[in-house]
Amino acid sequence: MDKRHDPSRRIIAPHGTKLSCKSWFTEAPMRMLMNNLHPDVAERPEDLVVYGGIGRAARDWECYDKIIEVLQRLEEDETLLVQSGKPVGVFKTHSNAPRVIIANSNLVPHWANWEHFNELDKKGLAMYGQMTAGSWIYIGSQGIVQGTYETFAAMATKHFGGSSKGKWILTGGLGGMGGAQPLAGTMAGYSVLTCEVDETRIDFRLRTKYVDKKTDSLDEALAMIDEANKSGKPVSVGLLANAADVFAELVERGVTPDVVTDQTSAHDPLNGYLPQNWTLEYAAEMRKKDEAAVVKAAKQSMAVQVRAMLALQAAGAATTDYGNNIRQMAFEEGVENAFDFPGFVPAYVRPLFCEGIGPFRWVALSGDPEDIYKTDAKVKELIPDNPQLHNWLDMARERIAFQGLPSRICWVGLKDRARLALAFNEMVKSGELSAPVVIGRDHLDSGSVASPNRETESMLDGSDAVSDWPLMNALLNTASGATWVSLHHGGGVGMGFSQHSGVVIVADGSDEAAVRLGRVLWNDPATGVMRHADAGYDIAKKCAKEQNLDLPMLEK
């Protein structure tokens with residue numbers, strides 16, 4: 001019997017102000033763990049899989065039940081340790097310490113590969129936490145929509161004179177991360193054609209309004225895109241097809257999109273990418289019989305797709321890797337020039353990271369959407385001079401369906417995160433918000449990740465693979481008084497290719513929370529400015545000086 005599979009489970013986080021734990025500082029991680037497994041949030045909640053191939057919230061259902069049980073009894077001066085989704089210890093600490101410390105899928109570097117991890121996983125000794133799956137702060141596809149929107153907008157500025165009108169994007173994958181692409185693309189003014197092999201994922205994105213139309217015909221999909229471009233009304237199309245097949249077919253036809261990228265779960269060739277000419281059922285069967293054959297076939301198909309991406313780039317398409325490590329997989333399969341198209345971070349996002357700007361997010365523990373709308377208004381009030389941010393908040397309210405507990409993602413940086421959090425805390429204190437909020441971020445942030453094929457690709461000083469930075473980030477956030485802190489390996493790009501840390505903190509309206517919020521949400525983004533200043537980025541050095549960061553080795 002698979003201890004990770006239970007189709008009878010239907011997890012819904014409690015709403016409102018009634019506590020089932022001893023304080024909001026333990027109620028919050030409990031609700032957020034449960035929210036990660038909400039049927040409208042998780043990809044396969046019956047298997048504890050939240051997103052990203054096999055990114056889980058807990059190691060198995062026995063561990064999940066025990067985590068909930070412990071959180072409900074945890075005292076305000078105790079800390080729960082969670083090792084790869086398993087609650088392994090409760091220790092006496094102090095009231096300002098994190099209530100939960102999480103470490104997921106960390107392996108000694110020599111053994112940090114999928115083969116060794118999969119052996120441990122089979123024995124029930126490990127769990128792949130992805131980024132926000134195992135750290136209990138996943139908010140559905142909204143969590144990546146704004147970052148994707150900002151990237152597509154930056155591509156329009158860089159490649160199309162600032163206008164995306166009449167332009168279209170070709171991409172793959174409609175899972176938990178990839179599902180953001182069609183909505184982000186149309187919000188940025190493009191039409192979007194997304195290939196997906198799992199029809200249930202297309203249907204889910206249709207239901208939540210992330211995708212406009214669905215077809216299983218490439219000809220029909222291209223006709224939809226063409227009609228939308230002529231009418232000036234962007235459309236997103238979910239095409240039931242294998243991305244490798246479609247990308248190669250477009251090269252064959254001489255059809256060149258304006259933008260090409262991909263967000264299939266290529267980081268995990270065993271569980272995340274369907275080889276060409278395979279059905280989902282056959283792949284599931286083969287994973288049990290011959291894992292090596294699945295990996296080989298998946299990588300061969302990735303090589304086909306990447307060769308097509310390179311050909312489309314040569315034909316004039318703006319082509320970028322969107323952080324799933326597909327270039328690395330193709331390179332290992334013999335595509336020597338796989339890295340000839342850039343990753344999205346060095347190409348479009350790094351200047352934001354230099355100012356500590358990244359995917360700040362918050363969740364209304366009340367379950368009341370009005371609490372989020374009130375915080376949206378507060379963000380506009382406190383940041384009045386950022387029309388792009390205001391536009392994002394307006395579009396998000398209009399077009400993004402909440403998944404599970406209501407939440408918001410908002411890319412802000414060092415100068416704004418702490419003051420926004422303190423304002424939210426005051427709103428809880430005054431009763432303007434009906435219950436506390438949790439504030440966190442993706443692990444994809446400026447100071448919390450080392451990932452040479454994604455966030456830290458092509459660093460100015462060559463420090464791409466130095467992972468001291470996320471370790472220091474996690475330790476500093478623990479010392480600063482976050483509510484829960486996580487340290488993971490392999491998120492986004494797969495085992496052996498990244499280390500990263502997460503942080504979440506509760507705003508419960510108390511004066512004590514205000515002190516912790518001010519510390520954590522200043523120190524956390526400040527480590528990103530520090531990391532980029534240390535690497536030699538002038539924008540980061542300027543930001544550090546303007547914000548009076550004490551960086552001993554930075555020239556005054």
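For all residues, glycine too, the Cβ spot is worked out from N, Cα and C.
As written in Swiss-Prot, here are the features:
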type	residues	note
ACT_SITE	CYS410	active site
BINDING	52-53, GLN130, 176-178, GLU196, ARG201, 242-243, 263-267, 273-274, TYR322, GLY492	NAD(+) binding site
*Express the distance between the Cα positions of GLU196 (NAD(+) binding site) and the residue listed as 'active site' as a whole number of Å.*
27
*Looking at Cβ-Cβ distances, which residues of the chain lie under 8 angstroms from GLY492 (NAD(+) binding site) while being 6 or more apart from it?*
GLY52, GLN130, MET131, HIS267, GLY323, ASN324, ASN325, HIS443, LEU444, SER451, ARG454, SER498, HIS500
_Close in space, distant in sequence - GLY176 (NAD(+) binding site), Cβ under 8 Å, 6 or more apart_ = GLU43, VAL50, TYR51, GLY52, GLY55, TYR138, GLY140, SER141
*Taking only the binding-site residues ALA243, SER265, TYR273, which one has a CA atom nearest to the CA atom of CYS410 (active site)?*
SER265
*Minimum Cβ neighbour count within 10 Å among the recorded positions ALA243, CYS410: which residue?*
CYS410
*asked:* When DSSP is mapped onto helix/strand/coil, what comes out for ALA243 (NAD(+) binding site)?
replied: helix
